[in-house]
Each structure stands twice: as C-alpha cells, then as structure tokens.
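Lifted from TrEMBL, the feature list:
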type     : residues  : note
TRANSMEM : A:34-62   : transmembrane segment
TRANSMEM : A:83-100  : transmembrane segment
DOMAIN   : A:112-223 : domain 'Cytochrome oxidase subunit II copper A binding'
DOMAIN   : A:229-323 : domain 'Cytochrome c'
Amino acid sequence: MSEPDPKPPAIEDPDLGLQLIPDQASEYAAAVDYLYFALLGVSGLLLALLFGLVVVFAVRFWHGVRRERGPGLAESRERRLEIGFVLPLTLSFLGLFYWATELYVDLYTPADPDITIDVVAKQWMWKVQHPDGTREINTLHVPQGEAVALRITSQDVIHSLWLPAFRLKRDAVPGMYTSAQFTPTQTGTFRLFCAEYCGTDHARMRGKVVVLSRADYQQWLAGGAAGASRAQEGGQLFQRLGCSGCHKPGSSELAPALEGLMGSTTELADGSEVVVDEAYIRDSIIEPQKQLVAGYQPIMPSFSGQVSEEEIMQLISYIQSLGNGGKND
Amino acid sequence: MTSVAESPTVAGEACTDDYLSGGWSIRSWLLTVDHKRIAWLYAVSITVFFFFGSAAALLIRLELITPAGDLFSAEEYNRLFSLHGIVMVWFFLIPSIPATLGNFLIPLMVGARDMAFPKLNLLSWYIYSLGGLFTLAAVIAGGVDTGWTFYTPYSTLFSNSAVLAAAVGIFIVGFSSILTGLNFVVTVHTMRAPGLTWMRLPLFVWANYATALIMILATPVLATLLLLVGLERGLGIGIFDPALGGDPLLFQHLFWFYSHPAVYIMILPAMGVISEIISCFSRNPVFGYTGMVISIMAITLFGFVVWGHHMFVSGQSMYAGILFSFFSFLVAVPSAIKTLNWTATLFRGRISFTAPMIYALSFLELFTVGGLTGIFLAALALDVHVHDSYFVTAHFHYIMVGGAVTAYMGGLHFWWPKLTGRMFSRAWASTAAVALLIGLNLTFYPQFLLGYAGMPRRYHSYPDDFAILHVLSSLGAGVLAIGYLLPLIYLSWSLRRGEPAPPNPWDARGLEWQTMSPPPVHNFKETPVVTGGPYEYRE
C-alpha cells in the first residue's frame, strides 16, 4: 500500500568550520550554554584547587625536604574538614541540579506549537512530512521565529534525532511517539545527526536543518507542490481503508465518533479513563482491543502491517483536523 | 602496628616453600587451588583479552584519522567498536583488579591461608575462560555489530550477526563474577585474623568487599536480561518488540540496572588500590579512614539507583529523569570526599615519586576530570545535548581507563615485588607511567571538545570540521600504546632478570608485607595477630 521509500540524497555536511560551541540557533541553546559555562567554571575551580594542593604538598612534603612535619591531623579535625568541603560542594551541586532540571522541564513541557512536523526514522534515513503534505528526506526545513514541534517515531530500530545548534536530542522509538520542540531564532543551515547507534549506515544517517524566514518557508513549501495536506491525505486513507464505514461522521452507533476526540478523556470498557493523544490513536489502529472504549463491541480489526508509520501519522492529523476537544491546536 | 608472630623472612634467605616453588608444570597451574596462582591465571587471561580490546581500539583510532570511512567498511567498523566494548568491559575491566590483585591480596590482607572456597575460586576462572573464549570466538569469527550495549530491537530483530553466541558467553562469565563475589564476601566476613576488626581492614579490602556485593546483586539481572534477549531472538516472544506489545525501553532499564553498578565494579577496587599507594608513599595514614569507608558503602548503595541517567532522552518519563538526575548528583558526593581525602593524605607526609605513586597521582587527575564531567552528564539539560556524543565517550574513558586501568597498573607495580619476588626497573616504570598519563589526556581530552561541538558516538565517517580533534585523539592513542607496551616488556624481563625483592621493599604497613616475597604457599607460617590499623606510617 505504501510506496517504497526513495533513496536518501548524498551526504552534504553544512560547511560550518570547527565550532567548539556550536551555533546558538535558539534562545534555549544559549540558555544551555550558560549552564555549560557555569559547570566549566565550577569544575575549573575544583581542579585548580586540587592540582594546586597536590603541587604544593608535593614540593613541601617531598621526602628529600628535611623539615619537621608536625603532627598529623586529629580525628576531630578530619571530620570538620570533610564536612566543610562537602557541604558547600553539595549545595552547589543542588543548585546546578535545580538549574539543569528547570531547563529540562521547560524543554519537556512546551507551550502549544505553531507548527507540527512529523519525523519517521528508519534504517538509515529521516523521513519528514510537513502539515501541508510536503515531504523531504534527511533535511528539515523550518520557519524562523515559530515554535516548531517534531512528532517523532521510528519504523524499525531506535534512532535519535540530534540537532546540535538547538542543543536538542530525542530518541525515535518504534511503537512510541516522542516530541521535541524548538523555536529557531537564526536563519541558516545547521547539522542534523542520528545519535543512537542503529546499524550499518548509522554514520550516514545525517543531514541538515534549514531555517528559513517565514516567507521563504512558505515559498519553499509551495515549491514542493504537495497535492494534498497531511490531514487530507489522512482523510483519503480513512476512506480507502474503510474506517469511515463504522466511524461515520456524526454517528456513534458501531464505533465512537471521532469529532472532537483528540485531547478529550474517554472511558474504557474496563472502567478506566484515558486521555486521547497520538499514542492512544496509534494503539487503537494497531491493537484496537487493547483499550476498548466503553459501550462498544471489540469488532474493529487490527491494521497492523497494513499502514506505515507515516500513514498512521496522517490518520492522526486527519483525526486532529476533526476538532480537538476544546484544546488549542 | 601490625604484629606478626613469626619474624618475616629476610631477603637472601633461601625461600624454598614460596608459592612459586611448587613447580611450573601445566598441571601445577591448571589444577591449583592456591588463590595466588589463580590470581596469575586471571592476570594472564585478562592481559590476552586486553590485547584484543586494545588492538580494536587502535584500528578504530586509525580509521578516524580521516573524516571519510576509508580504512574499513561501515560493517567492519561497527564490529570493531563492538569487539572493543564487549571485550574491555566484560573480559578485562570487570575482572581486572578484583580477580587478579583482589584474589592475590585479600587473603594476605586479612591474614588468612586462602579464600573461603579455594575450589570455587578455581571454578570461577574456568567459567570465566570458557565464557570469554566463547564470546571472543563469536565476536571475531561471527562478528557482532550491536555495540556492547545490545540495544533492542536492533539486537533482537535487526542485527545479522552472532548476537546470540556473544550473549551466551557473557551469560556464562556472569557466573564467574557471582562466584568470585561470593568468595570475597565470605572470606572477609569469616576469615579475618584475630584482632583484625572491620575498621582495621585496609581500604583495598573494603573496596573489594563492596565490589563483591555489587557483583552478587547486579549480575543476576544481567543474566536474566541476556536470557530474555536470547528467547526474543530465538523464539520471537516479543518482550522488547513493540509490534507484539513489548517495550524496547524495558531492555534499557534492565541493562543499565546492571551496567551502571558495573561501573562501580570497575572503579571501587581502583579506589582501594589508590588509597594503599598514596598512604604508603606519603608515609601518612589515609586521611579520614572512616569517611572513606562510609563513602565506599554510599557509592555502592547509590550506584543502584542512578541507572535511568542513561535514558534522559530515551522517552523515559520526565519525572523519572528528574529523580535519576538528583541521585546522580548525590552519588558524586562520596567520590568527592574520597578525592579530598587522598589529597589531604599528602599533607605533612614524606612523599616519594615511585612509579606506583606516579600512577596514583595520575589517577587523581584523571578520575577527577572523569568525575566532574559526570556532573555535566547528570545535569539534565546538558545531557540532552551531549548524550550519545563523544563527550560521553571521553567521560567514561577518563573513568574506565584513566581510573580503573591506571589504578590497575599502579597496583600491579606496587605489589609486583610481592607477586613475583622481583623488583622492576624504576626508571622504565616511571617513564611508562608518565606516557600513560600523557597518552590518556591526549586521547580523550579532545573527545570532550568533539562531543560538545556535535560529534555523535559510533560514527564510521564524520563531517570534515572535526578532523583536527580526531587526529589529536589518534596521536594520543599512539602514546597510550607505548604506555601499555613498555610495562609488558620490562615487567616480563624482571620476572627472570629483576633484582630479588625483599619482603617489604616499600616499608609498607599492610599485613601482606609482613610475610616473605613471594609469599609461602599458606601465606603466613603462623596466623598473625593484628593489634592496629593498616596505615600506621607515622609511628
């Protein structure tokens, strides 16, 4: 049903020169670098202290130096020195922990995005589809100044999408959706890598991120000449696979109606409740009996093996386009 | 001060009953139950494995001199780094210090005639050799391309290589770890000489005791996991296969539940070695002995609750990530105490820069850099950027090679006179120690820079801009090779030609130095009575 994937383009690494600190293409990237510099500072201080002491002791207390050594440190002084060293160290560790965690929480709980781009990883390429249906491989075009969410999965093994210029990385895990969100502040071409070892051509699974101004991005999309949007493609699939036979618009006789479903809370046959998200919809297509909605018979067949990961994402986009239970897009 | 009932054998006196005088027949080695000879069996075996692991590393560094993948094919390169990781972790680092120095020294240090279970001890070596050769054959003849981490579903569904055979070998070797651990624990609990209380134990014994606990508690989880991978690969039962309702992340949880504590299996014995060396060559008791013991046990305990810091970007929940990050910061505190105490041990000492001491001070530098960069990786937002990059490679090599291997080399030199009854060339040994320090920093420091700059791990080819740092790193590997080959030459040479060693060439205070070099078959002519701590250098 799904067409074979085109061959990935030849690798063209963006020519950036050696950057010990990569481009800061988002505000978040700059924030991570501050943390990095702070940690470098703390480490440098501790190393200087340690090496300083070792060198001073090595010179003063070398066995050839015939100076009276004085008594060793008493047990009570030992404890005091240890505590005096460890307490400030632990406190600074806790401070760094708090700092790093705050950034991480920001990264994991982003505001609603302006645009959601689907990314499917496979051995050994990144397949990207934009909301308007435009597809690309190993290259990711994004608009500057907009909050871009990536909805990531893998169709075979675990991969990991790394965008160094955005200090961003998220694994692509089969059977699971992960997401990564960033807001590019700088136009230009940056690097994109697979960071999780994924087999023979792992090192060739790299490409580039191209940040364009909003106007250029729109123009670029138009040049791609996508026939239908991602949601429309999903809608066509919905017809073709026969989903619409039971999930009829406005009717919830045989199967739950899908309007306004995304983001809503649904009661299941076993009495538990579930928030309908991408993962739930994916599960319901692949394993419909797993979390059956209360009041319905387990009659839906599994579509496992009949739809590709990209097609499932298109179906999700379609269901999302039917309304989203009051949540913003 | 330790008092020994017998008077130590004086150098020059005929030592007819030392443990090596029992003959050099194959039988006398392969059927021995003497912990000292078994230690040698291990020493020879791990050296062979180290050779294979290092050869692979050298080939990897050769390939990476140029950005294009031109020396090996991608498949060959992947097999090389898998071989390097598998062999170095399971067949060199994990057994290294415990099975050689630990096996030799623990009974001597506690004043016992042998291990609690001498036959089990020999069995451990046979199991280790069997498993090791099995895996080595699988990895070399069949080829394994999963990396040492065997992540699913790649290892279970996609890799066309000898994964099953390699896993079987590692599974077998696990039993050797467990048996060795059991032997250590029982020996330390039940066979201490009269007067040798827990708080008089050398830190080397404490460290190996803690290591033994980890081996016993964590290794069964690895065994379970390998069994599951085998079942999944052979029968497709679907534990890790999302298409069958399994979860690939479950593998990572189980894997790191073993493999993170395994890092402490490698580094704790190293810490023990360093405490003995620094104390001896500063002529000072170890500063803060109690704090050192508490730190060892705290590391052991906390080491079991930080595994999820390997999974900050894996799809693990954000809250789990926060908890694991918190514990990872905490586990750094006892390591910091130990570093402080080693440094303070130098204070008002009488320091001499023998080869073991140069190794120990190198350890201090390398371990501190490795430990501090561990804080970078424990910091959630930073880890998101540098995870699976060369920053991680650099960090754990500073700990594994800079820490564990440097300490192993230091310990080997420190106890060489006791092990063999021979002295080594001091000049050559100091040269080798300095070469190791320079080689290590030159190899792995550029890798920190590479990682933050954006170079991913396990890449056969890479963007041109990274070439200069890779060239530096490969140069360092060349220097490192010298640091490893030199000891192989002058230590072997010393076996035949070295000056005979007196019982206590370093004027050390530990119990193992109060018997002759090399020790008699049953270690002590009479059971020693201990009346003081192991570090009474000031009296």
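Yeah, the Cβs are placed from backbone N, Cα and C, and that goes for glycine too.
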Short question: which residues 6 or more past the ends of the transmembrane segment (A:34-62) have a Cβ under 8 Å from it?
21, 69, 92, 96, 99-100, 103
DSSP-derived helix, strand and coil totals, residue by residue, for the domain 'Cytochrome oxidase subunit II copper A binding' (A:112-223):
16 helix, 58 strand, 38 coil
On average, residues of the domain 'Cytochrome c' (A:229-323) score a pLDDT of 89
Using DSSP, what's the helix, strand and coil tally for the domain 'Cytochrome c' (A:229-323)?
36 helix, 8 strand, 51 coil
